[in-house]
Amino acid sequence: YKLSVAPEMDIMEYCRKEWRGSTPVAKRMRKGYEAVAQKFASIRRVRGDNYCALRATLFQALSQATQLPSWLQSEDFAMLPENLLRKYDWIKQWQLKQKLGRKMGEISDEIKEYVILLRKKWKNISEIKDPVEKQEACDKLFKNEEEEYSLYEALKFLMLNTAIKLYNDDKNGRRVPVFSWLLFARDTSSDPCQLMHNHLNHIGHSGGLEQVEMFLLAYALQYTIQVYRLYKYSTDEFITLYPNDPEEDWPVVTLITEDDRHYNIPVGMCQETML
């Protein structure tokens, strides 16, 4: 198995290798990397398939997890797939990742297996006190393709659950974050069913996460995702927070992107885990 998240490499060394030229773009990227290097010593490259936003976010969250998030602790967490399917028949068209040599069971059983796996892995890794051991456990998990891709299915399902909640809250006149309006203002996702069909079902297969879906991921995990967007260097959007008005008690994970499509991970040095 190849590791989905490559070993650490010095951040400026990486930058020099990737951005040699003297084009305006190369100069801007170098400036961006220099700014990131003020805070972080190294970078870990993330495998560049259409899961990379989920992979980078989950890897960072697990790497610094010291406890199980409260939403993962709730009694009825494992019942989520059945409960949602009971209410929304259209979820039966969820696009499950194809497992080799295995017949598909009930869709709710499959997804239940994934969400339980997510809780188990998060719990086990968060209980490891030694930072080196914790990192080894993360590396091991992200070498196991079967488990790794199951975790992404769980994350996508949690994103769907969050979208349904936000959609219903809005319909019932409750306050929702601004990104929720943007999410459902798209022609391709005017309700959660369309969001599933046209977006979530394609993540990992034919597309990655769009900007507005980064907000949805942050809300689903109750994490603030801080992203250094290198091509936006020297603008207000160089460091972007999802959500942009984060809850104070949400932990923070940091990612780097050169183009809003592929994400890598900065590591080492003075990582702030809280904003």
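Each residue, glycine too, has its Cβ placed from N, Cα and C.
TrEMBL does not curate its annotations; it predicts them automatically.
Annotated features, as they stand in TrEMBL:
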ACT_SITE  ASP49  active site
ACT_SITE  CYS52  active site, nucleophile
SITE      GLU237  site 'Linear diubiquitin binding'
ACT_SITE  HIS262  active site
ASP49 (active site) and GLU237 (site 'Linear diubiquitin binding'), distance between Cα atoms, whole Å | 25
Around the Cβ of HIS262 (active site), the count of other Cβ atoms that are within 10 Å | 18
Cβ neighbour count (within 10 Å, all chains shown) around ASP49 (active site) = 13
HIS262 (active site) versus ASP49 (active site) - Cα distance in angstrom = 8
Would you count the other C-beta atoms found within 10 angstroms of the C-beta of GLU237 (site 'Linear diubiquitin binding') for me?
-> 11
Spacing of the two Cα atoms, HIS262 (active site) and CYS52 (active site, nucleophile), in whole angstrom, works out to 6
Counting only residues 6+ apart in the same chain, whose Cβ is under 8 Å from the Cβ of CYS52 (active site, nucleophile)?
-> VAL46, GLY208, HIS262, TYR263
